[in-house]
Amino acid sequence: MTALNHWQPSADIKNLLKRAKIIAEIRQFFTERGLLEVETPVLSEFGVTDLHLSTFSTEFLAPFGEQSKTLWLSTSPEYHMKRLLAAGSGPIFQISKVFRNEEAGNRHNPEFTMLEWYRPHFHMHRLINEVDDLLQQILDCPPAESLSYQFVFQEYVGLDPLSAERSELIEAARKHNFMAEDNEDRDTLLQFLFSEVVEPQIGKERPIAVYHFPSTQAALAQVSPEDQRVAERFEFYYKGLELANGFHELADAQEQRHRFELDNQQRQKCELPTREIDERFLAALEAGMPDASGVALGIDRLMMIALDCEKINDVISFAVDNA
């Protein structure tokens, strides 16, 4: 198909009209609750160290060369929004374009829309309740179920993810056609079993919030003070889709630096380029970010459920194949 006859939008106009109404409703939800809508940069001097995120970059060509540098397209507005929290913004939300240099398919587009919000002085379960409120309002769905990662893993895999031997995880992964090596990384095994065995079984009739992921998968979340084996992190699933990922946010700059350094060590082991650590973000944590919980929710996947669409292309104006 040539560019000349491939000009039509990916989604029907009727779906785009419904999408606009839903986004307006989301904005109203947050403004009525006293959150400030913010805008942060799409381009940044720093990428992300996360091993599992592939980023887009571009070159800033300043007129005289001194300011020329590589800039990274945002995979999430998280670091900038936390800098705003540290500056005293109070509770904030943002609906923004984000970019991940990964697959394009029924559930993925390299450019997509993210809803992200942060609540100072909210604990993890209070934010889970607010995500649930939003989903009920937008999707007219039943209240969410809330279960621990340990519980759902044991329920569907038959192993305790926090205490199982690595050999047991390898055996379970091989039963599900994952060609696990004898020295396979424990987190790789857990992530495979969760995504391939657990996720297809949960959130079918109503949303489910899975909380207390293993502390080795904490990312930017705090480790639970009650159980050091788990992180204060949660994810929402509904109708076969991962919708949201939230944290009781880590505010310790030293610990966050340590995690970034571990990310880069893992990148080296996997023969991936290391990423420069975002010193501005760490400086904001050092200055004092308030205790807060935050969550990122995929708007396009939310639209897929709201509009009863099986493909992400049906809810965005122009997918990557005809952008």
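Each residue, glycine too, has its Cβ placed from N, Cα and C.
Feature annotations, reproduced from Swiss-Prot:
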BINDING   Ser76, Pro77, Glu78, Tyr118, Glu249  substrate binding site
BINDING   Arg100, Asn101, Glu102, Asn109, Glu242, Leu243, Gly298  ATP binding site
Other residues, Cβ within 8 Å of Ser76, Pro77, Glu78, Tyr118, Glu249 Cβ centroid (substrate site): Tyr79, His80, Met81, Lys82, Glu116, Leu220, Gly294, Ala296
Structural state of Glu78 (substrate binding site), classified by DSSP into three states: helix
Candidates Asn101, Glu102, Asn109, Glu242, Gly298 (binding-site residues) - the one closest to Glu78 (substrate binding site) by CA: Gly298
Residues that sit under 8 angstroms from Glu249 (substrate binding site) by C-beta distance, when 6+ apart in the chain: Lys82, Tyr118, Leu220, Ala221, Gln222, Met289, Asp291, Ala292, Ser293, Gly294
Integer Å distance between the CA atoms belonging to Ser76 (substrate binding site) and Glu102 (ATP binding site): 14
Glu78, Glu102, Glu242 as binding-site residues, winner by CB count within 10 A: Glu78
Those binding-site residues of Arg100, Asn109, Leu243 having Cα within 10 angstroms of Ser76 (substrate binding site): Arg100
CB contacts for Asn101 (ATP binding site) [other CB atoms within 10 A, all chains]: 12
Cα-Cα distance maximum in Å, computed over every pair in Ser76, Pro77, Glu78, Tyr118, Glu249 that the record assigns to substrate: 15
Spatial neighbours, same chain, of Pro77 (substrate binding site) - Cβ under 8 Å, 6+ residues apart: Thr40, Gln94, Ser96, Val98, Met114, Glu116
